[in-house]
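Novice: Before anything else, here's the structure in question.
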Amino acid sequence: MGLLVDGEWQDKWYDTAGDGKFRREEAGFRDWLSADGGPGPDGQAGHRAEPGRYRLYVSYACPWAHRTLIVRVLKGLEDLVPVSAVHWRMRDHGWTFEDAPGVIPDPVMGAMYMHQLYARARPGMTGRVTVPLLWDQATDTIVNNESSEIIRMFNTAYDGLGAKPSNFYPEALRGQIDAINTRVYRDVNNGVYRAGFATTQAAYEEAVRPLFDTLDWLESRLAAEHWLVGSRLTEADIRLFTTLVRFDAVYHGHFKCNLRRIADYPALHAFTARMMELPGVRDTVHFDHIKRHYYESHPTINPTGIVPLGPVEMY
Ligand SMILES: N[C@@H](CCC(=O)N[C@@H](CS)C(=O)NCC(=O)O)C(=O)O
């Protein structure tokens with residue numbers, strides 16, 4: 001675990017000094033991919049969608065990267081946007097392309113470490129080296145490394161190039177989707193990390209209580225409806241799913257989010273199973289990478305690196 005400082009890699013754990021709270025850094029690359037190469041919704045610099053031009057870099061362990069893999073498969077972009085996948089273990093050198101089952105090497109520069117791609121895109125940069133990221137092979141740089149934006153780009157950018165017509169962020173539902181996303185991001189997606197990486201009892205409890213309040217609230221919504229918004233699959237469901245599917249396997253134990261399991265919530269459990277059955281989604285879920293990543297990458301939380309055998313029942 002580490003970051004780039006003035007273009008040089010430094011091995012450094014998250015800084016929670018002071019109040020013991022984990023704070024996620026803002027993503028640093030925010031250009032936009034669009035059908036015509038025009039600017040993004042807030043005027044971001046545009047890159048034109050073309051078959052094979054962009055490469056998506058993911059970790060199968062990572063819930064943020066997982067969002068992008070799901071939208072990629074649901075939109076039928078597998079041949080249009082190829083993928084590289086890092087090794088599950090993230091230690092002294094951060095994400096690596098060390099050879100192992102499931103790893104898909106980097107063809108752009110034959111990188112061994114993900115930080116080499118960041119330093120190539122922005123020489124001298126200071127910041128964390130995260131997945132997912134979208135690489136533009138034509139301009140040899142990173143387009144974007146913020147998953148919530150990459151899924152919005154994938155949702156429409158390839159519609160004229162053979163993508164499936166589904167729309168996961170329809171105009172009429174945006175207000176409701178945004179409202180759900182805000183709460184789910186704060187209390188659930190990022191909430192599990194705020195619990196797991198907290199270094200004081202108070203910071204941990206401050207994350208765990210709203211996490212379970214929000215899971216209770218989601219349980220009641222999903223007991224009444226199959227999907228979170230508008231009786232149809234939207235990005236709000238995809239964003240919730242990637243945390244729920246990891247919950248009982250890692251967040252419950254490793255991150256101490258153990259007031260309840262997802263298996264104890266009938267509607268959340270059924271929702272997760274339903275998401276798994278969507279065409280192509282099961283193939284995006286790699287429990288081996290998920291479990292080994294968390295238990296092997298965080299020595300301050302799990303010094304032995306032992307990966308628990310359970311839970312027996314998965315989806
Ligand atoms: N805002 C980013 C967050 C991505 C992120 O934090 N990814 C984690 C893996 S799950 C990572 O690469 N962490 C490396 C680090 O923090 O140094 C997104 O949603 O795309």
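Each residue, glycine too, has its Cβ placed from N, Cα and C.
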Novice: Taking TrEMBL at its word that R128, V129, T130, V131, E146, S147 bind glutathione, choose the one of W88, W95 listed for that site.
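Specialist: Glutathione site check in TrEMBL: besides R128, V129, T130, V131, E146, S147, the record includes W95 out of W88, W95.
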Novice: Could you tally the C-beta atoms, other than its own, that fall within 10 angstroms of the C-beta of W95 (glutathione binding site)?
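Specialist: Neighbour count, Cβ to Cβ under the 10 Å cut-off: 28.
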Novice: So among C62, Y193, Y251, Y294, all listed as recorded positions, which is physically nearest to V131 (glutathione binding site)? Use the C-alpha atoms.
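Specialist: Comparing Cα positions, the closest of these recorded positions turns out to be C62.
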Novice: Of R128, V131, Y193, Y251, Y294, listed as recorded positions, which ones have a Cβ less than 6 Å away from ligand 1?
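Specialist: If the test is a Cβ under 6 Å from any atom of ligand 1, the answer is R128, V131.
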Novice: At the Cα level, what's the spacing in Å between V129 (glutathione binding site) and Y294 (site 'Lowers pKa of active site Cys'), rounded?
Specialist: 17
Novice: Counting distance between Cα atoms, which of the recorded positions C62, Y193, Y251, Y294 is nearest E146 (glutathione binding site)?
Specialist: C62
Novice: Going by DSSP, is T130 (glutathione binding site) part of a helix, a strand, or coil?
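Specialist: It is coil.
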